[in-house]
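Questions regarding the structure given below will be posed in turn.
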Amino acid sequence: LVLLLSLAQLWSCHLVTAVPLLGYREHNCDDPEAEQVALLAVDHINNHLQQGYKHILNRIDKVKVWPRRPTGEVYELEIDTLETTCHALDPTPLANCSVRQVTQHAVEGDCDFHVLKQDGQFTVLSAKCDSTPDSAEDILKLCPDCPLLTPLNDTRVAQAAEAALTAFNEKNNGAYLQLVEIARAQLVPLPASTYVEFTVAATDCVAKEVTDPAKCNLLADKQYGFCKATVAEKVAREEVEVTCTIFPAQPVVPQPQPGVAGAAAVEPAPAVDPASPVSPPDGQSPSSLVVGPVLVAQAPAPPRAHYDLRQTFAGVPSMESGSGEAFHPGKVPVVVQPSVGAAPGPVITPCPGKVRYFKI
């Protein structure tokens, strides 16, 4: 009996060593293919943005490549991005957008992606992002007089945007513009003024003929614009400087018919954003906030000074393929280093990659 047990143990050990465990291989973060996947991920972010500003790739932090059955492989990617000066509605190509500098109170994004590579094609399976402005301490060390981001719901910000849009409409020979979103604001100490950036939408009214703005409707072919304004506080009056850039009209996208199989979802048009939605705490899905019949109350969201990328993908489920893929990043993996021999010594992982602009 003892001999049989010993033979059984030896056979089980043989099976364990004979069958290779599923593992990933680590990838050079500055490898051309890794950069290609990262740029695809950034495009995915910007294509889903309806508010805030476009982001650009700053650094690739980590790349893991998982095998997938029956074919293909999945890139698990961590990247850093930086906010640009191009609004999400601005059709300017990302390559022509300037990165917002540290002295302008830069915003950094942190994103996790899973991207499928199959038959030479890349497809985003899942995305998770958040973004954070640079700390006030770091900015003031570099530039003591630089204004910081101001909460978008500040009364002075709302008044400045309204005053700037009113001033622009009074001199505008085209369509009457309505406010869509206050995107960014700063309180400038000297001279005392409020700097604000906001988006607008054209209506079916002529600006100089409007008597009742409530009767003006947005155009069927949506046409948006982006405005920058400085409203200075003078004695008994305000001094307004405002410029607006109107983008080409967007053609109407056909709405999916109810009950039609395979109908594609249409992104909603941007809307006025008086308050940001409450996001679930880190590590919790929206469904986890409900325990039996009891709804767990959430604290009100703090005033925000920028559009957090977390809201772009909030509530969006993972799109990981259910076709029997061998992709389990939650399990303890076997790491396979590419082109690494069996020689003893520490393995140097070529990650994180290079910083393309600056790190905050």
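A Cβ is built for glycine as well, from the same backbone N, Cα and C atoms used for every other residue.
When I checked Swiss-Prot for this same protein, it listed these features:
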- 24-130: domain 'Cystatin fetuin-A-type 1' (DOMAIN)
- Cys29-Cys351: disulfide bond (DISULFID)
- Cys86-Cys97: disulfide bond (DISULFID)
- Asn96: N-linked glycosylation site (CARBOHYD)
- Cys111-Cys129: disulfide bond (DISULFID)
- Ser131: phosphoserine (MOD_RES)
- Thr132: phosphothreonine (MOD_RES)
- Ser135: phosphoserine (MOD_RES)
- 141-252: domain 'Cystatin fetuin-A-type 2' (DOMAIN)
- Cys143-Cys146: disulfide bond (DISULFID)
- Asn153: N-linked glycosylation site (CARBOHYD)
- Cys205-Cys216: disulfide bond (DISULFID)
- Cys227-Cys244: disulfide bond (DISULFID)
- Thr312: phosphothreonine (MOD_RES)
- Ser318: phosphoserine (MOD_RES)
- Ser321: phosphoserine (MOD_RES)
- Ser323: phosphoserine (MOD_RES)
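Could you place these features in context, so I can see how deep they sit and what lies close by?
DSSP gives Cys29 (disulfide bond) a coil state; it is part of no helix or strand.
Counting only same-chain residues six or more apart in sequence, the Cβ atoms lying under 8 angstroms from the Cβ of Cys86 (disulfide bond) belong to Tyr53, Lys54, Thr92, Leu94, Asn96, Cys97, Ser98.
In this structure, Asn96 (N-linked glycosylation site) is part of a helix by DSSP.
According to its DSSP assignment, Cys129 (disulfide bond) is in a strand. Long-range C-beta contacts of Cys129 (disulfide bond), restricted to its own chain and to partners at least six residues apart, with a cutoff below 8 Å, comprise Ile45, Gly109, Asp110, Cys111, Asp112, Leu309, Arg310, Thr312, Phe313.
Counting only same-chain residues six or more apart in sequence, the Cβ atoms lying under 8 angstroms from the Cβ of Ser131 (phosphoserine) belong to His55, Thr81, Glu83, Val107, Glu108, Gly109, Asp110, His306, Tyr307, Asp308, Leu309, Arg310.
Other Cβ atoms within 10 Å of the Cβ of Thr132 (phosphothreonine) number 14 in total over all chains.
DSSP assigns Ser135 (phosphoserine) to coil in the three-state reduction, outside any helix or strand. Taking all protein chains in view, 12 other C-beta atoms sit within 10 angstroms of the C-beta of Ser135 (phosphoserine).
When other Cβ atoms within 10 Å of the Cβ of Cys146 (disulfide bond) are tallied across all protein chains shown, the result is 16.
Remark: Cys216 (disulfide bond) has Tyr176, Gln178, Thr203, Asp204, Cys205, Val210 as non-local neighbours, by Cβ distance under 8 Å and separation of at least 6 in sequence. DSSP classifies Cys216 (disulfide bond) as coil under the three-state reduction.
Cβ contacts within 10 Å of Cys227 (disulfide bond), excluding its own Cβ and spanning all protein chains shown: 22.
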What's the CA to CA span in angstrom from Cys244 (disulfide bond) over to Cys351 (disulfide bond)?
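Rounded to a whole number, the Cα-Cα distance is 42 Å.
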Which one is it, among the recorded positions Cys29, Thr132, Ser135, that lies nearest to Cys143 (disulfide bond) by Cα separation?
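That would be Ser135, the closest of Cys29, Thr132, Ser135 to Cys143 (disulfide bond).
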Fewest other C-beta atoms within 10 angstroms of its own C-beta: which of the disulfide-bonded residues Cys29, Cys97, Cys111, Cys143, Cys205 fits that?
Cys143
Got a sec? Which of these glycosylation sites, Asn96, Asn153, has the most Cβ atoms within 10 Å?
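Within the set of glycosylation sites, the most crowded position is Asn153.
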